[in-house]
Every structure is written in structure tokens, then in C-alpha cells.
Amino acid sequence: MSEEGRGITGDVEAYEMQCLPAAENTAVSPDVTDSEAELLEDVVKEKGTGESGDEGKGSLRRGINLLDATGMVIGSIIGSGIFITPAIILELTGSFGVSMLCWVAGMIIAVCGGLCFLELALLHPRTGGAMVYLLEGFSLKNRNKWTRLLGQLLAFLYSWASIVIIRPASLSIISLACTRYLTRPFYLDCEIPKTLLKCLALAIIILLSVIMIRGVKIMAKISTVISAMKVLTVVFIIIVGIAGVIQRGHFSESFHRPFEGTQISSAESVGSIVIGLYSVLFAYDGWDGIGYSVEEVKKPERTLPRATVIGLTVVSVSYILVNLSFFSVLSSDEIAGTKAVALPFGEAVMGKAGLVIFPLLVALSAFGAALLSFYLATRVIFSGSREGILPEVFCGTHKKWKTPVAAAVFHATLSSVYLLTGDIASLIEGQAATIWVFYLLCFVAILIMRFTHKEDKRPFKIWWIVPVIMIVISVFLILLPLTRGPGWTLAAFGVTLTGVPVYVVFVMETPWRLRPVFMDRWSDSITKHVNRTLNAKSAR
């Protein structure tokens with residue numbers, strides 16, 4: 001602030017008392033100088049608008065508009081998956097026709113799931129996503145101490161699984177994918193050094209943490225720009241596919257015999273098709289993400305429904321058309337013989353230039369997905385801490401930028417450890433079934449809260465049959481991996497269940513004390529030290 005602004009009065013509080021009445025009427029006296037008006041604007045933002053939350057606590061700032069929210073929906077779903085998974089799905093299903101049916105089924109599941117989570121997000125508009133829904137749904141409005149404990153335990157287990165395994169491991173994998181495609185144009189004929197990949201991935205994680213700490217508006221704008229570029233990339237692929245068909249005068253052989261190659265004569269072949277559907281859902285992963293930003297969205301009751309519908313529609317139509325474009329240019333054998341279908345597609349339509357341009361486009365999509373993955377993870381950590389089921393140190397928000405700085409630093413650190421210590425893709429594969437366990441519980445929570453929260457305002461309400469169908473689908477997706485090699489799935493369940501003793505000792509509120517007194521003193525001391533170091537304020 002300028003010297004003139006600081007010299008308006010020696011007592012800032014007195015100046016606030018003088019100016020706030022005028023601010024409430026949104027009119028400024030003509031005698032007020034530009035410097036005074038600037039100071040008045042700062043005061044109003046902090047004291048009068050509520051945009052920054054509770055003055056006495058750390059809070060999140062509402063800086064996400066409809067365009068940003070829509071970009072976040074699109075960006076959280078479209079990553080590198082659409083450019084990689086078509087080949088995997090074709091290999092599992094055996095034919096173009098069945099693989100396209102899997103993409104349509106995945107679209108329906110993602111849309112139904114996204115609308116279910118939209119109802120939950122607007123019914124309980126607190127950041128945290130599934131953690132908040134489990135806490136509120138299974139606590140039964142705190143009917144008794146046992147229901148409260150059940151809600152807390154399920155919310156804690158979700159936070160535990162997300163924070164310890166799912167989110168940091170996922171971010172490290174997405175970061176590696178981003179660096180792999182970013183460096184591919186420089187290593188067309190040889191293997192990319194693993195050390196280089198990990199160093200660049202570590203730099204990406206650090207960059208993401210800086211963006212996340214600096215402010216939600218900056219993050220949202222970057223996400224919006226990247227999402228727009230993703231959509232343009234998808235449109236480009238679609239146009240190129242159409243142009244290729246027009247130039248050749250016919251579609252590829254896949255369209256003439258769409259179901260050739262699919263076998264349904266055995267349980268194993270049917271199981272492979274279902275695994276193909278499972279892979280499609282990986283590409284659609286992120287449909288649950290919009291609820292994590294509900295506290296940072298402007299006018300969420302209007303913005304979130306529009307952003308969800310627009311975003312899911314754009315993603316769904318894009319995925320179907322992109323697959324049709326891939327199959328219109330490449331044969332089934334060409335697609336099945338590659339790990340990333342975007343690379344041979346780029347070479348087929350653009351020659352050698354496509355081997356440079358398309359890897360960079362895939363890297364950009366992966367970076368956008370990593371940005372949104374980081375965002376969602378920090379909101380889970382922050383919300384869990386604020387709700388009292390995680391240590392208070394994680395709910396510190398930056399005093400100036402109003403972002404969960406402590407959660408961001410913790411997530412970046414843990415993700416970096418995962419990145420540097422080895423391959424965790426197998427554990428992530430098993431953890432996918434664990435995610436669907438929590439999705440299942442969230443769908444059940446919708447039905448429970450139709451009775452326990454009957455009088456609560458619902459800006460959006462989905463038809464009850466939709467969560468029932470999603471419950472059936474979730475059960476199917478949970479049991480499927482157990483029938484085809486349960487090793488990693490059971491290991492993931494085991495990791496999640498290790499959170500039970502942690503909850504009992506460190507979180508659960510009981511008449512008797514299980515947590516040592518000195519741990520409370522340590523926790524308070526660590527929280528104060530971290531908040532002081534990070535210039536943060538606790539939101540609890």
C-alpha cells in the first residue's frame with residue numbers, strides 16, 4: 001500500500017469504522033481519495049463480503065466462476081487416458097464394436113455418478129467430497145454416539161486411503177506420464193533415461209505445489225486454459241479423422257466388421273470384456289471431483305449443476321468421437337499393436353511431425369490432469385483436518401492467498417517420496433476397487449439422507465433409481481477384480497483397513513483416553529510451528 005494510503009489515519013480500526021457504513025451502501029464519498037478508496041476496497045473484501053470466509057479462522061476464497069468450474073470438470077477427467085486406453089480396451093474386448101459399447105457404458109456410468117455426487121455436494125456444501133458425504137450420511141444426523149462414530153470411521157478410512165496411497169501415488173504416475181511424453185520427441189529412436197524422467201516429474205510436482213499455494217484463481221485459470229487446449233486437441237483429432245476418411249473415400253476395415261474378433265464362448269472371454277469396461281472407467285476417472293471445490297465456487301447452487309452437465313457432456317461426446325476418429329484412420333491391428341494410440345495416429349495423419357506434436361499434446365493433457373489431481377488431494381486433506389478426523393496441522397490456510405498451504409506441502413512431499421522410491425502402478429490398480437467401495441457407500445448415503453435429511457434444502461435432486469443402479473454397478477466392479485486375481489486388490493483393502501487402529505487410538509472420541517497426553521502437546525506445538533513457518537492460520 002502507498003505511503004499516502006498508510007497515512008490516512010494512525011488507527012486502522014478507526015478508519016474501518018469510518019468507512020464501512022459507506023461500503024455497505026456501495027457508495028464512496030466524492031471526497032475520498034484514490035488511496036483511501038483502495039484501502040476501503042481491501043477492508044470491504046476482508047470484513048464485509050464474506051468472500052474470504054470467517055475472519056477469525058483460516059478459510060478458502062470463492063474465486064471459481066462457471067467457466068473455471070466447467071474447465072475443472074473437463075480437466076479432471078480428460079488426461080492422458082483417452083490417448084492410451086483405446087489400445088488396451090481393444091485388446092481386452094477383441095473388436096471395435098464391443099470396445100465402443102464399453103465406451104458408451106462408461107459414459108453412462110460417469111454421467112450418473114457425477115449427477116449423484118452433484119446432489120451430495122449441494123446438500124452438504126463443504127469441501128472434501130466423499131469424505132464429507134460419508135461423515136454426514138452415516139452419522140444419521142448424530143442420532144447417537146455410535147452412528148457418529150460410524151460416520152467418522154468411514155470418513156477417516158476414505159481420507160486415510162486417499163492421503164496415504166491413492167492420491168500421492170496417482171499424482172506421481174500422472175507426472176511420470178507427462179514427462180514421458182514431454183521428452184518423447186527428443187528420444188524417438190531410443191529409451192528415455194529413467195533418471196531424467198523422475199527428475200522432470202519431481203520438478204512438475206514442485207511446480208504444481210507452487211501453483212496450488214499461490215491461489216485458487218491462478219490454478220483455476222491455468223486449468224481452464226489447459227482444458228480449452230484439450231478440447232481443441234480433441235476437436236483437431238476428430239477433424240483429422242473425418243478428413244482422412246474423405247481423402248481415402250472409405251472407413252477403415254474396423255467399420256466393415258465391427259464385432260469380428262470378440263469371443264463370448266467362455267467366462268474368461270466375458271471377464272476380459274468387463275475388464276475393458278473397467279479400463280474405460282479409468283479414463284473417465286474424475287467425475288466425482290466437482291464437489292471438492294464447492295466452497296470455492298461463486299454461487300455454487302447455480303454454477304455447479306451447469307458446470308457438471310456441460311463438462312460431462314463435452315467429455316462424453318469427445319471420448320466417443322475421438323475413438324471413432326482413431327478407428328477411422330487406423331486398423332484394429334495397428335491400434336492393438338501400440339501402447340499409446342495417439343502416436344501412430346499422429347504419424348499417420350501428419351507424418352514425422354505428428355511424432356513431435358501429438359506427444360506434446362498428450363503431455364499437456366497429463367499436466368492438466370496432474371494439476372486437478374493435486375487440487376483434489378489437498379482439499380481432502382484440508383477438509384479431513386478441519387472436520388477433526390485428521391491432525392489440525394493440515395488445515396492451515398495461507399493468510400494472504402487463502403489456500404490450504406500445509407496440505408499442499410504435505411501432499412507434494414509424499415508424492416515425491418512415491419515418485420522416487422519405485423513403481424506403484426500395481427498397487428494403484430488394486431486400490432481402484434477400494435475407491436469403488438467408497439463410491440458405493442456414497443450412493444448408499446444418498447438414499448439414507450433422503451430420510452435423515454428429508455427437510456434439508458436440495459438445490460438439485462436426482463431420481464432415486466439412479467443411485468440404486470449405481471449401487472448395483474459398484475458391487476459388480478468391486479467383486480470383479482477378486483475373481484481375476486485378488487492379490488493386489490486384497491493388499492489394497494489391507495492398507496485401507498490399517499487406518500482402523502489409527503482411528504481408534506488417535507481420532508475416536510471415547511469416555512476413556514487412548515491417546516497419550518504428550519501427543520496432544522506435540523501436536524499443538526507442531527501445528528503452531530508449521531503455521532508460523534508457512535504464514536498460515538488454522539481453519540479449525
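Just so you know, glycine gets a Cβ as well, placed from its N, Cα and C.
Feature annotations, courtesy of TrEMBL:
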{"type": "TRANSMEM", "residues": "66-90", "note": "transmembrane segment"}
{"type": "TRANSMEM", "residues": "96-123", "note": "transmembrane segment"}
{"type": "TRANSMEM", "residues": "153-175", "note": "transmembrane segment"}
{"type": "TRANSMEM", "residues": "195-213", "note": "transmembrane segment"}
{"type": "TRANSMEM", "residues": "225-246", "note": "transmembrane segment"}
{"type": "TRANSMEM", "residues": "266-284", "note": "transmembrane segment"}
{"type": "TRANSMEM", "residues": "304-322", "note": "transmembrane segment"}
{"type": "TRANSMEM", "residues": "356-382", "note": "transmembrane segment"}
{"type": "TRANSMEM", "residues": "403-421", "note": "transmembrane segment"}
{"type": "TRANSMEM", "residues": "433-451", "note": "transmembrane segment"}
{"type": "TRANSMEM", "residues": "463-482", "note": "transmembrane segment"}
{"type": "TRANSMEM", "residues": "488-508", "note": "transmembrane segment"}
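The highest tally of CB pairs under 8 A with the transmembrane segment (225-246), across 66-90, 96-123, 403-421, 488-508, is held by 66-90. Long-range contacts of the transmembrane segment (96-123) within its own chain (CB-CB distance under 8 A, at least 6 residues past either end) are made by residues 73, 77, 86, 89-90, 129-130, 132-133, 254-255, 258-259, 262, 273, 276-277, 279-281, 283-284, 287-288, 290-291, 294, 300-301, 304-305, 308, 312, 315-316, 319-320, 323-324, 327, 332, 439, 442-443, 445-446, 449, 453, 456-462, 466-467, 469-470, 473. By the Cβ criterion (under 8 Å, sequence separation of 6 or more), the transmembrane segment (488-508) is not in contact with the transmembrane segment (266-284), since fewer than 3 such pairs are found.
In this chain, the transmembrane segment (403-421) lies out of contact with the transmembrane segment (66-90); the count of Cβ pairs under 8 Å, excluding pairs fewer than 6 apart in sequence, is fewer than 3. Of the Cβ pairs linking the transmembrane segment (356-382) with the transmembrane segment (266-284) and spaced 6 or more residues apart, fewer than 3 are under 8 Å, so the two regions do not touch. Within the same chain, the transmembrane segment (195-213) stays apart from the transmembrane segment (266-284): fewer than three Cβ pairs sit under 8 Å, each pair at least 6 residues apart.
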